[in-house]
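Straight from TrEMBL, the features:
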ACT_SITE  H188  active site, tele-phosphohistidine intermediate
ACT_SITE  C501  active site, proton donor
BINDING   R295, R331, N453, D454, R464  phosphoenolpyruvate binding site
BINDING   E430, D454  Mg(2+) binding site
DOMAIN    5-125  domain 'Phosphotransferase system enzyme I N-terminal'
DOMAIN    152-224  domain 'PEP-utilising enzyme mobile'
DOMAIN    251-538  domain 'PEP-utilising enzyme C-terminal'
Amino acid sequence: MAALEGVAASPGLGIGTVMVIAEPCLAYEVVEVADAEAEKGRLHSAIEAFSVLTREKAEVVRGRVGDAEAAILEGHVLMISDPFMVAEMDNLIDAGQCAEAALDTVCETFAAMFEAADDDLTRQRAADVRDIKSGVLCQLLGVREVDVSRVPRGTVLVTHDLVPSMTAGLDRDNVVGIVTETGGMTSHSAILARALEIPAVLAVPDAVQELPEGAQVIVDGGEGVVTVAPDEAELAAARVRQEALRREKEALQRFVGKKTVTADGCQVELFGNIGSVEDARAVVDNDGEGVGLFRTEFLFMDGGAMPTEEDQFRAYQQAALIMKGRPIIIRTLDIGGDKDIPYLGLEKEDNPFMGFRAIRYCLAREDVFRTQLRALLRASAFGDVRIMVPLVTGVEELRQVRALIRRYADEFSREGVACNKDVPVGVMIETPAAALMADALAAEADFFSIGTNDLTGYTMAVDRGNDRVRYLYSTFNPAVLRSIRSVIAAGTEAGIPVGMCGEAAADPLLIPLWISFGLTEYSVGPASILATRAAIAGWNHEKARALAAAVMEAVTPDEVLDLLKAASA
Ligand code: PEP
Ligand code: MG
């Protein structure tokens, strides 16, 4: 039936009944206060009751989710206990305001102050202050907060925004899906949903209006789609997929803690692709051996302003610390094409995928690039950080990046700031030009990572957004496979590691080809890590090479697909 689309924020498939969480009515009457002492007493009791309730919620969250998530709520208690904040409210009450108005005024002043900050983390605190204000107002007005810990089994929560206090008691046995109208990949709601492994689709326009209370829906958190009032066939298909997902997940647990090896004992590296610091935790939770691609553009997309050097440094440093010395490949800003960031003021182009994007933009905007490279260099002192350059078309781009890195590293060494001046610098191979020049690039790059998503599009000269030609977009096309084979050969010949971070790295049909070509590193979505380890374990080199020999004789994508399917059956 009807399908709504949003941000695929937490993977999995949930089938359930919509429960719309309306915001509680917190309107209050502004009255003149005669007895200021009594009114202050009323406010302090409300703050105390709120603090007790919030600490209780934090304990529930600690048990169900984890320490980091509990800390968000504990932070609320600390914030509202701030003597300066309470004194400000008391002063307003002394001046004749009622407790509700004093609370409102002071919280809104703090929220506005946080909103004006130029770092992302401080800006986020504005939402926290407003959440605290609602919690204390509920106590003052005697309004019961929405209690999501007692919803019936099979509930899909639909709300404008899922604030931390609302998610506190959230029970993954009862809540099978979350749909919100706001939030992005790094919003609190997304972080919590992923931590609880509840499928979530965020930023669905008008979700509260479009999804009526009691309606049945399928929440596909992997695809970012909500199917409303599914018919019997859609429900049956979803149940089959759900069961298949469950069984697959269960069976994959035996690969936890294992090395990633082919059936004949050849070890490769298996990394995860991330778009935020929180995703780095998901890589660790899914037993990834490192990060093969940190898409930093998400840090730039989440806020309304450019993240400062400090914002970026903290994000890269935290991700590096979470990886605890394991490799973390951070890609420099890859915007343009389908990824627009309004405040960067990119002009409309007739052909954005061929236009001013990725490394082309960064080399032209040294101010933006300098901020990022400096943040990356500083983070390199906290782990095995490696820098990767997107959309490279030739060695001169790599040389320019290296020159900038050298310059900033020299600045840091003069200033006494710690950084790894020999930070490895690699290139993404995702243009035909880079693939054809792979031998020259391999002589100057520390590593390669093949971006099959773009390499397929550019090799086939296909705009994926164009329905008329989408049929040509296939990594199974022999042209793309030949390109990948020669890139891996060039990297191997030069003795540098060659990885793959496009979607094709996790495709079980293609994995025997990658094994036979000699790929040394696979980087996949965190949820695909164990499945990829299992797929790699299923092939030995002899079998993989025999299949690759036949496949590379094929001249159409259908022939390739038929051979690969037959071999995996
Ligand atoms: C790719 O192009 O394969 C890739 C991994 O980069 P992105 O999908 O971010 O363009
Ligand atoms: Mg790409």
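Cβ coordinates come from backbone N, Cα and C, glycine included.
Worth saying up front: this structure is predicted, and the values here are computed from it rather than measured.
Positions of the features from TrEMBL, shown on the structure.
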{"residue": "R295", "record": "phosphoenolpyruvate binding site", "contacts (Cβ under 8 Å, 6+ apart)": "N273, I274, G275, R331, D334"}
{"residue": "E430", "record": "Mg(2+) binding site", "contacts (Cβ under 8 Å, 6+ apart)": "P390, L391, V392, I450, G451, T452, N453, D454, L455, Y458, G502"}
{"residue": "C501", "record": "active site, proton donor", "contacts (Cβ under 8 Å, 6+ apart)": "F271, N273, G292, L293, I329, M428, S449, I450, G451, S523"}
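D454 (phosphoenolpyruvate binding site) is surrounded by 21 other CB atoms, counting those within 10 A of its CB over all protein chains shown. With every protein chain in view, the residue among the binding-site residues R331, N453 whose Cβ has the most Cβ partners within 10 Å turns out to be R331. In the vicinity of ligand 2, defined as a Cβ distance under 6 Å, the following of the recorded positions R295, R331, E430, N453, D454, C501 are placed: E430, N453, D454. Averaged over the domain 'PEP-utilising enzyme mobile' (152-224), the predicted model reaches a pLDDT of 84.
In this structure, N453 (phosphoenolpyruvate binding site) is part of a helix by DSSP. Secondary structure from DSSP puts R331 (phosphoenolpyruvate binding site) in a beta strand.
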